[in-house]
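Visitor: From Swiss-Prot, here are the annotated features:
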- H63: active site (ACT_SITE)
- D105: active site (ACT_SITE)
- Y43, G45, G47, D64: Ca(2+) binding site (BINDING)
- C42-C131: disulfide bond (DISULFID)
- C44-C60: disulfide bond (DISULFID)
- C59-C111: disulfide bond (DISULFID)
- C65-C138: disulfide bond (DISULFID)
- C66-C104: disulfide bond (DISULFID)
- C73-C97: disulfide bond (DISULFID)
- C91-C102: disulfide bond (DISULFID)
- 1-16: signal peptide (SIGNAL)
Amino acid sequence: MRILWIVAVCLIGVEGNLFQFAKMINGKLGAFSVWNYISYGCYCGWGGQGTPKDATDRCCFVHDCCYGRVRGCNPKLAIYSYSFKKGNIVCGKNNGCLRDICECDRVAANCFHQNKNTYNKNYRFLSSSRCRQTSEQC
């Protein structure tokens, strides 16, 4: 399933929300950093279950919950406006669900940056068998 997320990013090309989210992550953490989060822990990548493994994985759990609250458009495909100002992500003048999606992505990218010291390479490409605990509620 997590491979589907990688394929989705590649298929979207230079447009679409997942690409924008990837650009936010790279903007906060450095070029190509997004690859560190595509399949990490129990929640970073496609789907998610169990208990987040660390603060980095919890960023993904919270992001999944945030997307789950968005109504009126597809969070993985909708295109919103944002920019970087002095290293900070600033969501543009988006309305409704576009504003909500941008905020979900902004908060997650900042969360990755704030918790980069918790990143554990042992949680990359973690087997789903290590995420079988009962999932937390959002």
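Every residue gets a Cβ built from N, Cα and C, even glycine.
Mind mapping these onto the model and telling me what they sit next to?
Guide: Note on H63 (active site): other Cβ atoms within 10 Å of its Cβ, all shown chains, come to 23. According to DSSP, H63 (active site) is assigned to a helical segment.
A helical conformation is recorded for D105 (active site) in the three-state DSSP classification.
Note: C131 (disulfide bond) has non-local neighbours G41, C42, G48, Q49, G50, T51, i.e. same-chain residues 6+ apart with C-beta under 8 A of its own C-beta.
A 10 Å cutoff on Cβ-Cβ distances gives C60 (disulfide bond) a total of 22 other Cβ atoms nearby, all chains included.
Of all Cβ atoms in the protein chains displayed, 26 besides its own lie within 10 Å of the Cβ of C59 (disulfide bond).
Annotation note: C138 (disulfide bond) sits in a coil segment as assigned by DSSP.
Residues near C66 (disulfide bond) in space but far in sequence (CB under 8 A, at least 6 apart, same chain), listed by position: D100, E103, C104, V107, A108.
Annotation note: C97 (disulfide bond) sits in a helical segment as assigned by DSSP.
If you draw a 10 Å sphere around the CB of C102 (disulfide bond), it holds 25 other CB atoms from the protein chains shown.
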Visitor: Measuring Cα to Cα, how many angstrom lie between C65 (disulfide bond) and D105 (active site)?
Guide: 12
Visitor: With H, G and I counted as helix, E and B as strand and the rest as coil, say where DSSP puts C91 (disulfide bond).
Guide: strand
Visitor: Can you count the other CB atoms that lie within 10 A of the CB of C97 (disulfide bond)?
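Guide: Result for C97 (disulfide bond): 17 other Cβ atoms within 10 Å.
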Visitor: Could you check which of these recorded positions, G45, C73, C102, C138, sit within 10 Å of C60 (disulfide bond), going Cα to Cα?
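Guide: G45, listed in sequence order.
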